[in-house]
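Listed features, source TrEMBL:
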- Cys9-Cys19: disulfide bond (DISULFID)
- Cys30-Cys39: disulfide bond (DISULFID)
- 5-40: domain 'EGF-like' (DOMAIN)
- 60-85: transmembrane segment (TRANSMEM)
Amino acid sequence: MQRMMSAMCPGSCSGRGGCYASPTGPECQCREGFAGKMCEIVVEKTTSAVVAAAEDTSDFWVVLLVSALVFLSLLAAVGAICYYVRSQKVDVVGSLDEVIDEAKAAPKRVKQYLERLV
């Protein structure tokens, strides 16, 4: 049989075989371990006998959706932790009035300290 472009076969042989011209039209010839009209069936093997044929059930969109949900959940958890940590911080500097009062009281405390030394 003459090999054809893989796009001419139905489903491009699922990427698991080659597309060949046959008297009835384009046909997939599956690689070892695959079967079906579009090589969509995965054939599991043991030592020498074929035990079972299972259809490939991997679904790109389901995997993508689950991955996106896991990512968004992790992002939400990190955001919640950051919010909690920021809400627990105490205002170290205080208001401007508190800073001014401390600055005015400082010389008096220095004078008291020096008087105790003498």
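If you go along the chain as it appears here, the first residue is 1 and each next one adds 1.
Backbone N, Cα and C atoms are what each Cβ position is placed from, and that goes for glycine too.
Distance between Cα atoms for Cys30 (disulfide bond) and Cys19 (disulfide bond): 9 Å, as a whole number.
Comparing Cys9 (disulfide bond) with Cys39 (disulfide bond), their Cα atoms are 11 Å apart once rounded. Comparing the disulfide-bonded residues Cys9, Cys19 by how many other C-beta atoms lie within 10 angstroms of each C-beta, the top residue is Cys9.
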